[in-house]
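Structure first, commentary second.
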Amino acid sequence: MGDYGGDEGVRRRGCSCTKEDFLPEESFRSWGNYARALKDTPRRLKDRVLTRSLDQTELVDVKAQSQHEMKKTLNWWDLMWFGIGAVIGAGIFVLTGLEAREHAGPAVVLSYVVSGISALLSVFCYTEFAVEIPVAGGSFAYLRVELGDFMAFIAAGNILLEYVIGGAAVARSWTSYFATLLNHQPNDFRIVAHSLSSDYRYLDPIAVVVLAIICVMAVMSTKGSSRFNYIASIFHVAVIIFIIIAGLIKADTKNYSDFAPFGVRGIFQASAVLFFAYVGFDAVSTMAEETKNPGRDIPIGLVGSMVITTLAYCLLAVTLCLMQPYTEIDKDAPFSVAFEAVGWGWAKYIVAAGALKGMTTVLLVSAVGQARYLTHIARTHMMPPWLAIVNEKTGTPVNATVVMLAATAVIAFFTSLEILSNLLSISTLFIFMLVAIGLLVRRYYVSGETTTANRIKFIVFLALILGSSIATALYWAISTDGWIAYAITGPIWLLSTIGLWLFVPQAREPKLWGVPLVPWLPSLSIAINIFLLGSIDRASFERFGLWTLIILVYYFLFGLHASYDTAKEASSAKQMKNVEEGAVN
């Protein structure tokens, strides 16, 4: 049964739920086939590591696996409000208080600036890809084209982790603010399981119910979700303006007397966690397939929403720390409690309502985005093709939406916010770093056009950029007061970027919209993302390593063989050599 051809097989998968829906490939048709596939793992892995997809393959052949087209209903206005709705949620309303109190003090505003710069650089990288390759796969599709199948899968596993954890964190925060609205403590609405560890014992049924409602909204209609999102986001912006104006009326500049009590290290440590507050804009890039005019709408929508969001975050952080001493800021519902502390108890209800709205739209946009990621991953058969099906009536990926939100609900039911936010930041920073690398590869390397000498120079300069960035982050993580290493790694990064700029000609120019100041902006994005990774705690890296091991086991047992068979059948069915670069012989 062909995976890019064979309409009969595709239709059968759409209306049943059999083995063919999940493992239709040649390697899984018998135990003998599977044994031969496992024996051939080294050769297949080499092929997948060296294989790069093509723009046209992602835009046409891979997209065709979903049976039906997603409806092109979105414009720049929808995307900008999706971006605002996707980002302004639990991060600002919960983590601001946590990080100001424990790591940054009033200097938390600088933490937001650092995170915002890093996020904006990543937005530029995402935007060029989304304009050139407007498909639902987002960074997974971009990395398949530029870094190959294997790296795309590693990113895909972390993309899915990012969305599940992000949704779970926001859903739990929803419960916290709902409790505040009703004059209760957050854990009053949670079930305590004393037999579990403290990080997992507070079970959250409200979070599960909220996610179920979001699931229904997400599968009904993308345009309907968009309308709900920007109407709700307008209310949200009004609440934010109220918080800033009302909060500054009650400001006390004495609270800023000890601006950075935890020093520079505390600012960057908070920044790494607060990157969570910017997560969500990548979900907007997955809607490129449903955008009417990607070349115009995506840059305006993505960059516009990120600039507005960063400005709002900085103003909110300043307001909070002017209202209360950082030592008295509440970790669960900081803005609501701050208004109560200054004698405006009634204002906390407005804040809580605004926060609930913000978290609701974050969950909705996240649900829309994560389903589209999973859909495109399943189109390549790295995940079961049953997840790639787009419903003919709604034009939405119903199967992928339900599966992703079910996984999110399980995590939200058990896990505390602090664990979720740290782990989420690792996955997100790692993916954004890979997308920046992918953009440099896209600009400087085109198979068959880039000369061997230029390819070698590009690889050397890129390796030096990565190596110096990693060394800087490691030194930051292990040293508390040294500076000599920075005097070495900083110039290496600078000279490597200059070398790439001066000595390697760009092999490709963007067709419609491109990142300005290449290679400087993507190189800086790589450096900042890796540096922020050096500020995250060891336990989070251990959980990240465990997750990476789990997805690698899945890949070697299933994903590798399914995607290998799919590529082989695609080449045979179309009798094409250019379905992929480095494709199966």
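Glycine is treated like the rest: Cβ placed from N, Cα and C.
As written in TrEMBL, here are the features:
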- 513-563: domain 'Cationic amino acid transporter C-terminal' (DOMAIN)
- 79-98: transmembrane segment (TRANSMEM)
- 110-129: transmembrane segment (TRANSMEM)
- 150-171: transmembrane segment (TRANSMEM)
- 202-221: transmembrane segment (TRANSMEM)
- 228-250: transmembrane segment (TRANSMEM)
- 302-326: transmembrane segment (TRANSMEM)
- 346-375: transmembrane segment (TRANSMEM)
- 396-417: transmembrane segment (TRANSMEM)
- 423-446: transmembrane segment (TRANSMEM)
- 458-478: transmembrane segment (TRANSMEM)
- 484-505: transmembrane segment (TRANSMEM)
- 512-532: transmembrane segment (TRANSMEM)
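Between the transmembrane segment (458-478) and the transmembrane segment (202-221), the number of CB pairs under 8 angstroms, six or more residues apart, is fewer than three, so the stretches are not in contact. Mean pLDDT for the domain 'Cationic amino acid transporter C-terminal' (513-563) in this predicted model: 88. By the count of Cβ pairs under 8 Å, the stretch nearest in packing to the transmembrane segment (110-129) among 228-250, 302-326, 484-505, 512-532 is 512-532. Counting Cβ pairs under 8 Å that are 6 or more residues apart, the transmembrane segment (396-417) and the transmembrane segment (346-375) reach 3 or more and are in contact. Remote same-chain residues near the transmembrane segment (228-250) are listed as 77-78, 81-82, 84-85, 88, 217, 312, 315-316, 319-320, 322-323, 335, 338-339, 342-344, 347, 350-351, 353-354, 357-358, 360-361, 364-365 (criterion: CB distance under 8 Å, separation of at least six residues from the stretch ends). Counting only same-chain residues 6+ beyond the ends of the transmembrane segment (346-375), those with a CB under 8 A from a CB of the stretch are 66, 70, 82, 85-90, 92-93, 136-138, 140, 156, 159-160, 163-164, 166-167, 170-171, 173-174, 177-178, 180-181, 210-211, 214-215, 217-218, 222, 225, 228-229, 232-233, 235-236, 238-240, 242-243, 246, 280, 282-284, 286-287, 289, 333, 335-337, 339-340, 383, 387-388, 390, 396-397, 400-401, 403-405, 408. Simply put, out of 202-221, 302-326, 423-446, 484-505, 302-326 has the most Cβ pairs sitting under 8 Å from the transmembrane segment (79-98).
Most Cβ pairs within less than 8 Å of the transmembrane segment (150-171), among stretches 302-326, 423-446, 484-505, belong to 423-446.
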